[in-house]
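Features as listed in TrEMBL:
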type: ACT_SITE; residues: B:368; note: active site
type: BINDING; residues: B:212, B:215, B:234, B:237; note: Zn(2+) binding site
type: DOMAIN; residues: B:55-198; note: domain 'Mur ligase central'
Ligand SMILES: [Zn+2]
């Protein structure tokens, strides 16, 4: 693992990590900007140059302008405004960026918008941008929302992801997307099949907010490493001390009666 | 007859739960009484000589209701009001039962009830209020209430229950509130701040209403005071801040010690200079809301000013407590916009040696603490030497502070309330200690202070 200094030496042409935050003032429901803070701080703590830009309604998206695209969640009204703009102006550039190895992280409402479509409780379907092979349907205003602490086990990661979920929509995956993880505590995609989130190439969608990245530093670093390695192949990240995050994780896992190790079977199995 | 039985059983429940120290019996008496006589709310409230006022909104309900009750008392009226936080139908019924004799005759003459935002449509038809106050609408506990649009919709739906001669007192600086109440029957009285010197340099991250609720265009804000409160206008459809009927002008903020301003009715009526121990712009809004309602209830403006000057805060809302040889100031901090205002107020007197933050995630606090990432804790970095964190989510709070730029050594996690209070007091170095808790954390901290003999039991308030 390289140290911050070696990393800096290897990366000479401007910011090593370029983050693009989509609709920061429209889709910002559950502390979503915390994810951006974490990406930025963790890069800075390692001496890694980082740049954050934002793209809002009506603004063009440059697929080569960033290596990490983030989309948060919003209420139905905001979702509708965003969905319209995403499909009209950003679908093509986002698909190009993903085809070229960029990372996309989409949380909650953003997760629903990167699928094929979202059918809200009332009103017309919202088209998605199709970065992930999934669709989401809200069973109606009377249906209960899926709310609570959420713990999932992710393939290839030693520790589970921890967060909170709050969504009315039920998401189902098509053959083109893999689930991000297996639900240990909580509901996940639809509260029925035991799966949570979705991934394909370097696109990640999830209902985990809380927000997601602060309490899951290993996952944050995995995404940072993937994003930086798009232009700097072979790049690795120096480790950080994550005592605060570790303690916050332990407390929540203990409260939920979920063992911290990987051996436990998912509760829904 | 059934009403008498309901009242008798409700009162017995109150006595019993008080004897058992079950939280002062703030909701059970009402629940019992309503089970016997479901019409207990309309039957008892309609006997109140001056009618009822309800206070709804995300922030400031308790303070606004207490301010109004205080003004009414100064006028010689006898308010019946529900206790802080007991703001569902059962809590209001409890208050009415407690303040009635067995024949249903009230011991008070004016009802002042704070009502949970989502409960408004369920209680308004029963109370037929004379005045409805809408303080503000922020995202708060989305896991409990659902979407903000949903709440605004519920408020709109209460329209039919309003008396034709009723008055809606609403925050004109809040586009969400104005949009929700503008169509209601009854007369609309708006309040707002007219002092752009106190505007923020930029719109806050926590602002909810950036997009016009009519047409989706981003609002053009001339300025904001905090959150999404301010002077706004939609460039497409023209929806904008309404004319303000009662304004606060020439505001002077005295840090955590209070504020003063000129209370100015539109149309050149008599003005009054208001002085209050309540700190911060958010409390200027609370004072405005209570004053507007008091004026509508027939209070002369100089009597309003006089009463406000002698107001002492509700517990946990800028309350001052002396304990362990030091002064503590409890400032309830339960959502991002409110928390930001509290932080600005706390820091307005310069750097501090210590602050205590207590975060719980019980149902009354909201089980989801993701909102901590919407609060500008970055303000604390370099300005508070030591932050003690406690509560069920102490570790999440500590993590948030790390990313806000505080050094690891400046953050102390104390899982239990009493050691947390002791640790923070030890660091306060003779300065007042600011304590910033969520709702149930405030109750827990107050219990410790009560054991120390610093405060009374909460039902005594
Ligand atoms: Zn408009």
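Keep in mind that glycine also has a Cβ here, set from the backbone N, Cα and C atoms.
Where TrEMBL records a feature, it is marked here on the structure.
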| residue | record | Cβ neighbours (10 Å) |
| --- | --- | --- |
| B:212 | Zn(2+) binding site | 22 |
| B:215 | Zn(2+) binding site | 12 |
| B:234 | Zn(2+) binding site | 19 |
| B:237 | Zn(2+) binding site | 12 |
| B:368 | active site | 23 |
Pairwise Cα distance for residue B:234 (Zn(2+) binding site)/residue B:368 (active site) [Å, integer]: 33
Cβ under 6 Å from ligand 1: qualifying recorded positions of B:212, B:215, B:234, B:237, B:368: B:212, B:215, B:234, B:237
When distances run from the Cα of residue B:368 (active site) to each of the binding-site residues B:212, B:215, B:237, the nearest one: B:212
Proximity to chain A among recorded positions B:212, B:215, B:234, B:237, B:368, where any Cβ pair is under 8 Å: B:368
Stretch-averaged pLDDT - the domain 'Mur ligase central' (B:55-198): 87
Secondary structure at residue B:237 (Zn(2+) binding site), reduced by DSSP to three states: coil
CB-centroid shell, 8 A cutoff, Zn(2+) site B:212, B:215, B:234, B:237, site residues removed: B:213, B:214, B:216, B:217, B:219, B:235, B:236, B:238, B:239
DSSP-derived helix, strand and coil totals, residue by residue, for the domain 'Mur ligase central' (B:55-198): 60 helix, 28 strand, 56 coil
Assigned element (helix, strand, coil) containing residue B:212 (Zn(2+) binding site), judged by DSSP: coil
